[in-house]
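Undergrad: If you look up Swiss-Prot, you'll see His63, Asp105 marked as active site. What Swiss-Prot lists as Ca(2+) binding site is Tyr43, Gly45, Gly47, Asp64, and the listing cites similarity to another entry. Positions annotated as disulfide bond by Swiss-Prot: Cys42-Cys131, Cys44-Cys60, Cys59-Cys111, Cys65-Cys138, Cys66-Cys104, Cys73-Cys97, Cys91-Cys102. Feature annotation from Swiss-Prot assigns signal peptide to 1-16.
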Amino acid sequence: MRTFWIVAVLLVGVEGNLLQFNKMIKIMTKKNAIPFYTSYGCYCGWGGRGRPKDATDRCCFVHDCCYEKLTDCSPKTARYSYSWKSGVIICGEGTPCEKQICECDRAAAVCFGANLSTYKKRYMFYPDLLCTDPSEKC
């Protein structure tokens, strides 16, 4: 189901933060978010439940929690400014929402980069129905 929503969003041409987040992931991991992070484990992609499968999946869990803490923001579509130099992502100026969304995405991209060694192909396109453990709280 997560994969369906991700593809649907991409087909309608979202130009906001999801594409910016993909670029951050590419900077930090040298991998495209699609297919490597869009439906990985129990939390990477749309929604999430259960326990994160590994450190990479935990990056997505923490990212979801970061988005949940944003009130009156549109984290999946709002655009923000950022730059990078020598592999360091720097969130730029903008509204408080834009800055917070950028920081959530930056932290997740950095987390993915720091945990590349935990990435397991067996968790790519992981079925939601296998995410049955009790969910953790943010």
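The first residue you see is number 1, and the count goes up from there.
Cβ from N, Cα, C; glycine included.
It should be emphasised that the depicted structure is a prediction, and the values quoted were computed from it without experimental measurement.
Give me the lay of the land around each of these features.
TA: In the three-state DSSP assignment, the secondary structure recorded for His63 (active site) is helix. Cβ contacts within 10 Å of His63 (active site), excluding its own Cβ and spanning all protein chains shown: 23.
DSSP classifies Asp105 (active site) as helix under the three-state reduction.
Around Tyr43 (Ca(2+) binding site), the same-chain residues at least 6 positions away in sequence with a Cβ under 8 Å from its Cβ are Pro52, Asp57, Arg58, Cys60, Phe61, His63, Asp64.
Taken residue by residue with DSSP, Cys131 (disulfide bond) is part of neither helix nor strand, so it is coil. Sequence-distant neighbours of Cys131 (disulfide bond) (same chain, 6+ apart, CB under 8 A from its CB) are Gly41, Cys42, Gly48, Arg49, Gly50, Arg51.
The Cβ neighbour count for Cys60 (disulfide bond), using a 10 Å radius and every protein chain shown, is 22.
Under a cutoff of 8 A between CB atoms, and with a sequence separation of 6+ in the same chain, the neighbours of Cys59 (disulfide bond) are Cys44, Ala108, Cys111, Phe112, Asn115.
Following the DSSP three-state reduction, the secondary structure of Cys138 (disulfide bond) is coil. Here the Cβ of Cys138 (disulfide bond) has 11 other Cβ atoms within 10 Å, regardless of which shown protein chain they belong to.
Around Cys104 (disulfide bond), the C-beta neighbours below 8 angstroms that are at least 6 residues distant in the chain are His63, Cys66, Tyr67, Leu70, Pro75.
Within 10 Å of the C-beta of Cys97 (disulfide bond) there are 16 other C-beta atoms, taking all protein chains into account.
Residue density at Cys91 (disulfide bond): 20 other Cβ atoms are found within 10 A of its Cβ, drawing on all protein chains shown. In this structure, Cys91 (disulfide bond) is part of a beta strand by DSSP.
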Undergrad: Out of Cys42, Cys44, Cys111, which of these disulfide-bonded residues shows the lowest number of other CB atoms within 10 Å of its CB?
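TA: Comparing Cβ neighbours within 10 Å for the disulfide-bonded residues Cys42, Cys44, Cys111, Cys111 has the fewest.
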Undergrad: Determine, to the nearest whole angstrom, how far the Cα atom of Cys102 (disulfide bond) is from the Cα atom of Cys73 (disulfide bond).
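TA: It is 12 Å, counting Cα to Cα.
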Undergrad: Which one of the recorded positions (Asp64, Asp105) has its C-beta surrounded by the most other C-beta atoms within 10 angstroms?
TA: Asp105
Undergrad: Can you count the other CB atoms that lie within 10 A of the CB of Gly45 (Ca(2+) binding site)?
TA: 24
